[in-house]
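Trainee: Handing you this structure, nothing more for now.
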Amino acid sequence: MFTKYSHHNGYQDGSHLQPFQYQQQTYNQQSYLRQQQQAPQQISYGFNQPNSPTSSSSTPSSSTAMGNSFQNQRQINLQQQQQQEQFLQEQVFYQQQLLQQQSQIKEQQRQKEQKQKTNILNIYKEGKQKIMMSFYNLYRNYPTEPPHFSPSPIWLMGRCYTSKDNNSNNNSNNNQVPQTQPTQLQQSIGIFQNNNSNSNNNNNHNNNHNNNNNNLTTDLIYRPAIESGFLSDVASMIWFSYRKDFPPIENTNITTDIGWGCMLRTGQMILARALIKHLYKENDMVPEIERKKPHSNYSQVLAWFSDYPSKEHVYGIHQIVNKKQAMEKNNRKQQILREQVISLNRGGGGSSKGKKKKEKEEEINDNVEEWLAPTRISNILRQLIKFQHLEDLEMYVPTDGVIYKDYINNLCNNSNTHNHYQIIQQQLQHLREQQNIQQNNNKNNNNNNPTTTTTTTTTATSSNNNNNQSPPSRVPNGYNNQVFDDESLFDYNTAISSIPPKWKSLIIMIPLKLGADKLNSTYIEKLKLLLKLPQSLGFIGGKPKQSFYFIGFQDDQVIYLDPHFVQESVNPNSFDYSNTYSGCIPQKMPFTQLDPSLSIGFYCRDQASFEDLCDRLSVINNCEFPIISVCQKLPDYQIECELVDDYAESETTEMLAITIANGGNNHSCIPENIVVDDEEFIVHHHIPYNPNNNQNNNQNNNNNNNKNNNNNTNQQQTPNYPPKLNTYQPDFSSDGEIDDFTMVG
């Protein structure tokens, strides 16, 4: 019925018994313990009875034995009490283990159910992708023939295609490209061949042809050559569309961009057009012979845009998605830093950054299939160009639709770039000296001698800065205040010596919003004028959730290339790789159907081309409702970031940079537990956080003010820095500079 306690095994835990049996066993154990406690009391009563026969015959030896029995019984009672306490502790322990096991079982069941739901969702997504890949082209009914063109001139990014009757009216145009040789487009048409749509398109084309017989007396001779020349030039342009079965994007199972990559593809098209104009100076409409060469510049450009996760394919979909995630990560990181600084200034503690960072990184990974806006893709491409380190090409994305000429001069003029690096070197040296001053101040404060070293070092530093003073540069103040401990990350001498002394070519992408919900009709004529400019690259935009690459116009119809066509992913080393990126059939739509959000592109080969673009834009702006403005100087409140590498545009970064630049006098707002990536300059400084430093420094400064003159005090406290350029910090949430971006592959 009951098993006694053993030092080796203990009481039986009763886990194998039913609940009632377990309670009965516990009750029996407690009853046995009560009986054992009452037993010594009965024995003592027997010895103490006065009439007992043993009491009369007791001796000293018997009393000693009786005392020993009392001690033994007391020890037995203590042991029993300890055994009871240990038994109760074991019961509590077993109950806790049982609860933990139950919670673990529930957690495993929950994870299993979540995994099943995830698998079902993945199966649904994969099935949806396969269905979309199989029927998307049929659903879109991609045309197999070009649209009908009227006898009016056709404009294609500064080129005019017109009939013989209109030549006399367009001789003054230097960009006119007459076409006299008809060209067959069987190859391009064969890509989109569809039996169902082919007959319908042929019938519609024949009906339109019969209806216009009376108006084609003169045009029948010249229009086929004009249209064929225009279509031939369009077919030679690089065309990107949806792809399927490419290698999965990092940390995902996504192998196609159907439904979400149209803006990404149009951004690739306008950038590829700029690169072709940059590499082919004489004729940017690359002939077919050049396109077939395996080691030509054309093949090199196509390799840059291949959909494979490799560093060689710098403008591929994997790199663009990776850059987008890096930008989102950077924005979230700056937000966390801003929240931490605000909470510390208010007297609060540090936030739980680790958990928030993990949750936000999961959200970033889930946003791979997010549709990009024109502004976003423009800034992503700009940073990819910057990462490629092309020595003779820059990209500029203004934030307010204004081109600042002095800023472009600093960006594209290599002599100014040389001075720019010299200024940065001087500022870095100056900041290191100021940091050493602050460290010496802290040591002297601890030794109760804070005055002498600070004054002499600061004076020497200010004199060195006066001797090495450089002309002002429009570099944002936050960047000048950063300190880089690892100088091996950038070799100034090598970079400066490798820069050729000439003007860099320039790609300009200007994001615009030309209306609220739909395009304002007053801007249509301005868009036509911009498409006529010789520096034009067209513009990207389109309808809501549908992006197109607009390359020209005729009358009130805008001509565009459509990326909504699914093709197989092709290995860049295959023989027919280039064929899948050409042969696009242009389409037309009314200007009134355009979405107001778009991004206009220009390419300037040299300084003369840039000045010509500014002059032409100034003439266009003389009319009402200007779209793009040109200014000579960058205003003080404006910050442009194309000159600055590793610069994060946020109020927190600027505040922390100013704190470091001021010798750490305000780094009470910088917590010790701020954990950021290795690229953040806060980690490089390793600033110790001591909330008492501020008070000690203030007391020491007050003592110095009483002993020294005001001039010396001002010289100690005020470092000699360039004037602050911005009076307020604009919001660059869509234009974040990335300092922790690494290429995929």
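For all residues, glycine too, the Cβ spot is worked out from N, Cα and C.
Features from Swiss-Prot:
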COMPBIAS  29-42  compositional bias 'Low complexity'
REGION    29-68  region 'Disordered'
COMPBIAS  52-64  compositional bias 'Low complexity'
REGION    192-215  region 'Disordered'
COMPBIAS  194-215  compositional bias 'Low complexity'
ACT_SITE  CYS262  active site, nucleophile
REGION    344-363  region 'Disordered'
COMPBIAS  439-477  compositional bias 'Low complexity'
REGION    439-480  region 'Disordered'
ACT_SITE  ASP562  active site
ACT_SITE  HIS564  active site
REGION    686-745  region 'Disordered'
COMPBIAS  688-719  compositional bias 'Low complexity'
COMPBIAS  734-745  compositional bias 'Acidic residues'
Trainee: If you draw a 10 Å sphere around the Cβ of ASP562 (active site), how many other Cβ atoms fall inside it, taking every protein chain shown into account?
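Mentor: So the Cβ neighbour count for ASP562 (active site) comes to 23.
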Trainee: Which whole-number value in Å describes the distance between the Cα atoms of CYS262 (active site, nucleophile) and HIS564 (active site)?
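Mentor: Per the Cα atoms, CYS262 (active site, nucleophile) and HIS564 (active site) stand 7 Å apart.
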Trainee: Counting every protein chain present, what is the number of Cβ atoms, excluding its own, within 10 Å of the Cβ of HIS564 (active site)?
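Mentor: So the number of other Cβ atoms within 10 Å of HIS564 (active site) is 20.
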Trainee: Within 10 Å of the Cβ of CYS262 (active site, nucleophile), how many other Cβ atoms can you find? Include all protein chains, please.
Mentor: 25
Trainee: Can you tell me the three-state DSSP label for the residue listed as 'active site, nucleophile'?
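Mentor: DSSP call for the residue listed as 'active site, nucleophile': helix.
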